[in-house]
Amino acid sequence: MLTIQFLCPLPNGLHARPAWELKEQCSQWQSEITFINHRQNAKADAKSSLALIGTGTLFNDSCSLNISGSDEEQARRVLEEYILVRFIDSDSVQPTQAELTAHPLPRSLSRLNPDLLYGNVLASGVGVGTLTLLQSDSLDSYRAIPASAQDSTRLEHSLATLAEQLNQQLRERDGESKTILSAHLSLIQDDEFAGNIRRLMTEQHQGLGAAIISNMEQVCAKLSASASDYLRERVSDIRDISEQLLHITWPELKPRNNLVLEKPTILVAEDLTPSQFLSLDLKNLAGMILEKTGRTSHTLILARASAIPVLSGLPLDAIARYAGQPAVLDAQCGVLAINPNDAVSGYYQVAQTLADKRQKQQAQAAAQLAYSRDNKRIDIVANIGTALEAPGAFANGAEGVGLFRTEMLYMDRDSAPDEQEQFEAYQQVLLAAGDKPIIFRTMDIGGDKSIPYLNIPQEENPFLGYRAVRIYPEFAGLFRTQLRAILRAASFGNAQLMIPMVHSLDQILWVKGEIQKAIVELKRDGLRHAETITLGIMVEVPSVCYIIDHFCDEVDFFSIGSNDMTQYLYAVDRNNPRVSPLYNPITPSFLRMLQQIVTTAHQRGKWVGICGELGGESRYLPLLLGLGLDELSMSSPRIPAVKSQLRQLDSEACRELARQACECRSAQEIEALLTAFTPEEDVRPLLALENIFVDQDFSNKEQAIQFLCGNLGVNGRTEHPFELEEDVWQREEIVTTGVGFGVAIPHTKSQWIRHSSISIARLAKPVDWQSEMGEVELVIMLTLGANEGMNHVKVFSQLARKLVNKNFRQSLFAAQDAQSILTLLETELTF
């Protein structure tokens with residue numbers, strides 16, 4: 001018997017999706033494989049999803065896989081790589097607490113006296129629709145169905161039918177929906193799930209309906225006893241597949257909650273299963289109020305992926321009397337506004353306008369090329385493993401793909417992919433990319449990524465073993481097939497080739513020879529292909545660093561694999577808990593090595609990127625920029641934040657930071673240096689076109705202040721528009737800011753404003769400013785930083801003096817557009 005020991009790396013524990021993936025990995029082996037949770041002293045058949053879920057395994061639990069059988073050595077090698085490298089990817093990223101924390105109710109809403117119910121935010125957003133109550137169905141009618149001689153046959157038929165339905169949905173869905181449906185399919189195909197129903201029928205003589213319900217209750221009870229909220233919330237998945245089985249077996253007992261949404265609807269229910277959610281017309285699902293759903297339920301994951309706002313914490317009996325009435329579900333402030341009046345509806349119309357502006361701006365920002373504040377260009381690209389990931393990466397702002405892990409095509413299968421399959425996969429991502437560069441890393445297999453059909457013997461230390469470019473000469477036909485596929489696909493886009501684990505010039509010279517042979521073959525075969533291809537290497541073996549100058553004669557670029565390079569530089573196995581604390585790329589030796597690579601390559605006209613985890617670490621972005629790296633490749637969700645941060649950094653300041661870091665004596669000194677490093681704030685003018693509006697159709701004072709404060713949030717002048725608005729209203733409480741002549745000057749000094757601003761809205765029609773000075777047609781809002789000293793008084797005084805001048809006022813009211821107002825103010829005012 002062989003054993004793999006590990007700590008559970010899953011932040012949410014071993015729930016349905018990772019259990020399904022682990023079961024799939026284990027089921028391909030003939031050996032018996034037992035999963036053990038040592039904290040719980042719980043054992044499970046690793047080829048049963050349900051049994052795995054039942055172990056109650058939480059993050060960082062001590063676990064092991066015991067493997068016994070004819071193929072145990074191969075199984076251990078492959079499963080160890082999966083557990084240590086890929087298992088964590090089977091878990092889902094959950095929203096942060098900040099994302100689920102309701103904003104304080106803005107004064108521009110509370111002053112309108114809305115009829116509100118308060119709840120808890122589960123999925124952020126705002127939805128407008130009719131409140132519709134979904135009643136829960138009792139299962140008593142199924143439980144009461146007497147046992148029948150046909151029950152066993154009916155069970156098999158129902159299981160097969162449900163599996164067929166789930167498979168059909170899998171073919172039609174993608175993203176989170178597909179992942180959750182796969183987990184459900186795994187559960188109903190699980191021997192333990194069906195086996196327990198059969199045992200209840202044979203040993204306890206229960207009818208099929210009662211047995212399905214009893215099995216559901218037993219599994220749910222076990223999950224409900226878990227210490228993990230995430231595992232407790234998997235109860236909904238068990239209930240879901242059990243209820244689907246009941247409905248398939250007795251279709252005549254049609255559930256009352258078969259809901260069709262014919263207009264925008266806010267759905268109110270005790271809970272909603274994933275299959276119920278997927279059956280809804282999402283175009284008309286404005287939001288949901290779910291009394292008992294937890295923050296990590298699969299229904300919530302689907303809702304977030306579909307941008308459906310959700311609240312909880314509202315008792316159904318408190319909402320039932322409002323059924324059929326219009327409402328606004330505000331899952332930003334955590335409230336339900338019942339039967340909103342015109343003023344409240346107007347507030348949410350303004351909120352939607354601001355949300356649309358923000359979404360448009362974010363899309364534009366993501367599409368922009370990445371530059372530092374002083375216009376230093378750096379490519380921000382994505383790491384992906386399949387062509388399906390490419391569109392999402394580009395939507396996040398990826399300027400290309402810095403690492404396409406082609407080895408994913410070779411894994412978890414019985415034979416290697418043929419040339420056509422590879423060509424189609426590579427072509428797909430290139431077509432999605434347009435002219436964006438795609439760097440295909442040739443197959444990084446062998447060693448820690450064992451491929452059974454290659455029959456590479458097990459090694460003591462696979463990370464230092466027979467892998468990547470080292471295996472290519474033995475498997476030259478396999479490598480040539482991949483080269484042909486990439487060269488064919490390269491004729492459809494900007495393809496580049498990268499070779500992993502290179503340590504000598506001989507290896508790259510051999511590879512270049514194989515590329516030429518592949519080109520000759522493709523010409524002979526009459527297949528469309530690229531005549532040349534940009535070639536680079538992964539820099540992950542330290543020996544390469546000392547002969548970068550020689551490699552510059554043979555390749556076009558370098559990409560530093562920081563994960564493996566760190567291991568090899570320090571002789572540290574990052575998966576060994578006794579030495580993993582030594583694994584740290586932010587040390588003087590590592591940074592000096594990066595500096596040497598970049599300097600030497602740049603001197604010879606070659607570019608250098610980084611594609612390990614370090615590339616997406618925002619804390620270390622100033623160092624990477626300062627070291628002169630030309631490209632950062634990372635997981636695509638990190639790209640928007642990295643691009644945004646880069647725009648705040650001055651490359652010269654970062655270069656000095658990197659120089660100082662390379663002179664440090666320890667990692668601790670470098671971390672202290674980073675902590676003390678404060679990027680210089682981008683200076684923005686007090687007056688800017690982005691904050692000036694003409695002919696704004698506001699109904700009241702509240703909308704004007706809401707819009708102007710919210711717009712400052714959209715434009716990045718404040719990260720806290722609600723808090724800034726509160727400061728404006730506090731000033732309004734002291735004395736109204738209507739100054740006469742149809743003008744109001746709301747103002748504040750606030751800690752919440754990053755860039756002091758003057759915002760202007762000329763209104764389409766006057767509004768009541770609740771001031772003795774009459775209605776207002778022009779709003780000039782001053783929001784100045786808390787550290788501005790007496791500057792706010794100077795600005796206010798200048799404006800007030802100018803506004804007394806009739807000609808100045810008339811010019812403001814007569815200006816044709818926002819640019820004309822900006823030009824007038826810049827001419828007349830000095831700050």
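The count begins at 1 with the first shown residue.
Placement of Cβ uses the backbone N, Cα and C atoms for every residue, glycine included.
In Swiss-Prot this protein carries:
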ACT_SITE  His298  active site, tele-phosphohistidine intermediate
ACT_SITE  Cys611  active site, proton donor
ACT_SITE  His747  active site, tele-phosphohistidine intermediate
BINDING   Arg405, Arg441, Asn563, Asp564, Arg574  phosphoenolpyruvate binding site
DOMAIN    1-90  domain 'HPr'
MOD_RES   His15  phosphohistidine
MOD_RES   His298  phosphohistidine
MOD_RES   His747  phosphohistidine
REGION    119-650  region 'PTS EI'
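Feature map: annotations from Swiss-Prot on the structure.
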residue: His15; record: phosphohistidine; DSSP class: coil
residue: His298; record: active site, tele-phosphohistidine intermediate; DSSP class: helix
residue: Arg405; record: phosphoenolpyruvate binding site; DSSP class: strand
residue: Arg441; record: phosphoenolpyruvate binding site; DSSP class: strand
residue: Asn563; record: phosphoenolpyruvate binding site; DSSP class: helix
residue: Cys611; record: active site, proton donor; DSSP class: coil
residue: His747; record: active site, tele-phosphohistidine intermediate; DSSP class: strand
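Comparing CA positions across the recorded positions His15, Cys611, His747, the one lying closest to Asn563 (phosphoenolpyruvate binding site) turns out to be Cys611.
Averaged over the region 'PTS EI' (119-650), the predicted model has a pLDDT of 87. If you measure from the Cα atom of Asp564 (phosphoenolpyruvate binding site) to that of His298 (active site, tele-phosphohistidine intermediate), you get 35 Å. For the domain 'HPr' (1-90), the number of residues in each DSSP class (helix H, G, I; strand E, B; coil) is 36 helix, 23 strand, 31 coil.
You'll find the Cα of Arg405 (phosphoenolpyruvate binding site) roughly 11 Å from the Cα of Cys611 (active site, proton donor). For the pair the residue listed as 'active site, proton donor' and His15 (phosphohistidine), the Cα-Cα distance reads 30 Å. For His298 (active site, tele-phosphohistidine intermediate), the nearest of the recorded positions His15, Arg441, His747 in terms of C-alpha separation is His15. When the alpha carbons of His747 (active site, tele-phosphohistidine intermediate) and Arg441 (phosphoenolpyruvate binding site) are compared, the span between them is 56 angstrom. Within 10 Å of the Cβ of Cys611 (active site, proton donor) there are 29 other Cβ atoms, across all protein chains. If you measure from the Cα atom of Arg441 (phosphoenolpyruvate binding site) to that of His15 (phosphohistidine), you get 33 Å.
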